[in-house]
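Database features, via TrEMBL:
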type	residues	note
DOMAIN	402-864	domain 'GPI ethanolamine phosphate transferase 1 C-terminal'
TRANSMEM	414-435	transmembrane segment
TRANSMEM	456-478	transmembrane segment
TRANSMEM	484-508	transmembrane segment
TRANSMEM	520-539	transmembrane segment
TRANSMEM	573-590	transmembrane segment
TRANSMEM	629-650	transmembrane segment
TRANSMEM	656-678	transmembrane segment
TRANSMEM	708-726	transmembrane segment
TRANSMEM	767-785	transmembrane segment
TRANSMEM	805-826	transmembrane segment
TRANSMEM	838-859	transmembrane segment
TRANSMEM	865-886	transmembrane segment
Amino acid sequence: MYTPNLSLIDYDVVPYEPIHEPTSNRLILFVVDGLRAESFVNHTTMPYLRYIANSEGRWGISHTRVPTESRPGHVAIIAGFYEDPSAVTQGWKDNPVDFDSVFNRTKYTWSWGAYDIVDIFTKGTVDGHIYVTKFDPYDKAFCADKSNMLLDEWVFQHVQKFFNTAETDAFLNKKLHTNKIVLFLHLLGTDTSGHTDKPGTQNFLRTVEHVDENIKDIEEMIRNFYKNDGKTTFLMTSDHGMTNWGSHGTGDDHETQTPYVLWGAGVQQVKHLTNDKETKNMSSEHRYDIEQADLAPLMSTFLSIPVPVNSIGKLPVDLLNMTLPNRAKAIYSNSKQLLSQYNKKKQDVEDHVINILYKPYKPLNSEKIEEITTFSEKLLNENQYEELILFSEEVMNLSLAGLNYYHNYYQKPLLIATTLSFLGWIVCLFNILLDDNVCALIEIYKLKCAKPKENYILKCFTKFVTGSLYIVTIGLIYVQNLPYLYYLFFLTPIILWTNALKYFDIWIYTFTLIRMYRRVFNTIIEICCYTLGCLAMGLSLTHRWMLSIPLIGMGFWPCFSSSRNLIPKQLHACWMFGCMLLSIFSFMPVVGRAVYIELVLLAGSIWMLAMMMFTFLWKDSRTNRRDIIITLTQSIIMGLSLYIIFIQARRYEQRFALLGFLQTLCWIILVVMLLLPFGHTRRMSSRLLGVNTSIVNIYLLLSVSHEALFIVVLIFNITCWMIIEFKFLNLNNVKLTDYTFSKDSEELDTIILPVYRTLTSNDFRRAFFFTLYIILAFFGTGNIASLNSFEIRWVICFTTSYQPFIITGLVFLKTLMPFLCVGCTFKAVQHITKATSEYLITIVLIYSNIMGTQLLYYVKNTGSWLEIGTSISQFVIVQIITLFIVDINIFSKIWTEEDIYSFAFKIFGRRKKNA
């Protein structure tokens with residue numbers, strides 16, 4: 001079955017052969033990886049390129065889109081389109097699909113640089129006209145005592161050797177003297193230096209200066225090789241910028257604003273010079289800002305080769321030193337290329353759409369396309385070049401708008417179907433809860449609820465409507481030959497709502513019970529609070545400060561509880577204080593943007609003090625000596641960890657080599673801390689202290705700023721929550737310290753377990769708190785798994801070499817730690833209240849689907865990649881919360897209920913018995 005192509009890349013688009021004369025025989029492209037515009041325009045460390053930009057060349061800001069990563073940036077520069085979303089499955093490192101590029105259209109292209117960049121543009125080539133010389137950048141160290149200039153030096157030396165070889169190699173010399181060739185130099189040193197040294201530091205600026213000096217030497221060498229024939233165009237630009245803290249990936253101005261300098265053959269000269277007020281001694285007349293994708297048609301125009309068929313760039317004609325006829329023909333070629341893309345996209349939809357349902361893009365329908373083609377050819381034939389330039393620019397804008405229209409053609413029906421699926425799934429989840437609990441209540445308490453009479457006619461009518469919907473939906477999808485995935489999208493809501501309506505009588509029973517217990521008003525208030533809380537959590541993924549709203553509500557929650565008299569004033573004050581402290585973190589900067597090791601040391605000291613107070617001030621006759629010994633061991637290890645953090649941070653700041661034996665010791669500490677909680681007894685207070693101490697220790701080794709204080713405050717707050725839940729049970733003869741993480745769950749059952757543990761409104765509150773804590777654990781200090789917040793100093797206690805798998809594993813471990821402390825405490829709450837895990841997870845699933853329904857309308861496929869990528873990632877995060885919570889519960893169960901001594905006894909006891 002044919003599948004309409006609704007991706008960003010259209011195949012079988014006919015390339016348009018340009019009719020203008022070339023201004024150059026060759027183009028030299030320098031991509032200085034990670035160089036932001038600010039480093040070029042406000043610093044004098046690139047004196048040669050700044051001189052060129054202000055005299056014989058042109059310069060400006062090239063505006064990139066998110067994700068500001070190397071692959072998407074290079075694709076935009078060389079292919080002219082912004083990365084296809086499917087590239088995220090390859091980590092922005094490999095081609096998920098083939099696409100056209102400037103290199104494909106050249107006679108020959110030579111590339112030098114990192115393999116994961118230069119190989120991007122060789123996939124799919126069949127004639128072997130693209131030559132690559134590459135190196136592996138990932139064996140280079142992040143250490144402070146290493147020079148990142150070696151990466152760029154490797155490229156420059158190989159280019160020099162290449163031209164030296166060409167002097168004696170007649171075959172290579174002949175190739176280099178043909179027209180329509182490109183030489184591409186990928187310079188990675190600035191990006192690596194930005195990560196390790198940070199932009200603005202002396203080391204980074206020295207790397208930039210080294211690039212500037214060598215670009216000057218390469219230009220001189222190339223001009224001499226071609227005997228200054230005036231047929232060479234040079235372009236220096238960058239794939240993405242970088243933040244002040246050495247990261248990239250999102251939409252900060254420093255990340256999306258990159259410089260470009262254009263000089264040589266075909267570049268329009270400017271005579272008058274005036275300093276640009278936004279820069280340091282840069283000419284405002286020479287400045288011309290563009291979009292990054294505009295560079296692809298610009299390079300194609302210099303060489304008079306077809307613009308890449310998937311390019312959405314618009315030719316900046318004001319940068320071209322061409323005659324008026326050639327300028328008009330060049331922009332005319334660009335408009336024909338975009339119109340060809342639009343025609344292909346339009347044809348894909350029209351070939352299989354149902355005519356009655358079809359809504360064409362009216363500003364550029366078939367009749368208007370014919371008119372545009374005829375009129376533009378008339379202008380060209382009559383030599384009305386100025387009018388042709390203006391008309392071609394209008395055609396390009398219409399074509400781009402039309403491409404966007406057809407790309408989103410099925411968006412509204414899909415959105416409606418998905419929304420109905422979410423709502424149907426929420427109703428089905430409620431049905432599961434109500435079916436298990438309402439029927440049980442009716443049976444236990446012998447409630448008299450009138451059973452609704454079964455309506456045979458209504459039942460038949462429902463089946464007829466459902467069957468008709470199935471037939472019509474399948475028929476519409478099949479006739480239009482839509483992708484197979486559309487069957488899933490449009491049939492799912494029918495299936496879910498059919499199942500949801502089967503339990504209509506359960507809802508009648510539920511409303512009857514609510515009226516009987518006179519809880520109609522309370523139920524409405526609770527539904528509104530939880531719904532608004534879910535919406536606030538959904539918005540917090542974009543605006544972190546929104547987390548403070550449900551946190552403040554949680555702080556005041558005990559005041560409105562009917563059991564508020566059971567809570568001591570001191571505990572209530574601690575609970576409110578903890579909620580307020582947690583809400584403050586939602587207003588603080590995202591972690592990774594600044595380094596304050598002092599806060600890490602402070603957090604460790606606070607936790608060690610809390611450990612000592614708990615161990616020696618609150619111990620009783622039931623306190624096991626084993627717990628005391630292991631707690632003291634953990635305290636000693638934490639003190640050692642704080643010493644290592646201090647020493648390694650100080651050496652890093654002073655640019656000394658980090659101590660390898662301390663890194664080895666950190667790996668040992670990591671393993672030991674993961675195992676020590678199993679040494680504690682299953683007594684709830686002792687086991688939680690051991691687990692949380694291990695979590696804090698590991699987290700501190702991977703922290704650089706206020707996130708260390710966050711984990712301490714988070715544990716303090718969830719511990720207060722656990723104590724409040726215990727107080728609400730009003731068990732006069734039981735202490736919280738009496739509880740253990742018993743596998744068999746027999747302890748205290750006779751005291752607190754009723755005849756049948758049904759679902760209560762308190763379970764909805766507990767599930768809501770748990771969901772909020774999970775969101776808070778991930779976004780409380782910013783998404784620490786984000787590329788933009790990554791700080792290399794997170795991992796210096798463990799490694800200094802760039803090993804992607806190890807670094808990724810450590811960052812994942814840091815992300816996991818707050819979840820585990822929440823999960824283990826929630827496990828304790830379940831033990832105390834005897835709440836059913838299945839019910840709580842089902843309620844969490846309901847909350848996540850409410851957030852998912854909300855975020856569905858925030859998902860974007862237009863605008864910047866920042867808006868698109870962020871909206872998609874937020875939606876995905878919410879959808880996987882439940883699956884993630886299940887995993888967290890499994891880990892928490894192991895960490896709280898397993899006992900290394902019992903495990904060893906079982907093994908050795910069995911062996912002894914067998915002997």
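Cβ coordinates are placed from backbone N, Cα and C, and glycine is handled just like the others.
805-826 is the stretch from 414-435, 484-508, 767-785, 805-826 with the greatest number of Cβ pairs below 8 Å to the transmembrane segment (708-726). The transmembrane segment (484-508) makes no contact with the transmembrane segment (629-650), as judged by fewer than three Cβ pairs under 8 Å among residues 6 or more apart in sequence. The stretches the transmembrane segment (656-678) and the transmembrane segment (767-785) are not in mutual contact, being linked by fewer than three Cβ pairs under 8 Å (pairs 6 or more apart in sequence). Here the transmembrane segment (629-650) has Cβ contacts under 8 Å with residues 595, 597, 600-601, 604-605, 607-608, 611-612, 615, 658-659, 662-663, 665-666, 669, 672-673, 676, 679-680, 686, 689-690, 693-694, 696-697, 700-701, 793, 796-797 of the same chain, all six or more residues outside its ends. When the stretches 414-435, 456-478, 520-539 are ranked by Cβ pairs under 8 Å to the transmembrane segment (767-785), first place goes to 520-539. With a cut-off of 8 Å between Cβ atoms, the residues of this chain six or more beyond the transmembrane segment (520-539) that come close are 514, 546-547, 549-550, 553, 761, 764, 768, 771-772, 775, 847, 850-851, 854-855, 874, 878. When pLDDT is averaged over the domain 'GPI ethanolamine phosphate transferase 1 C-terminal' (402-864), the result is 81.
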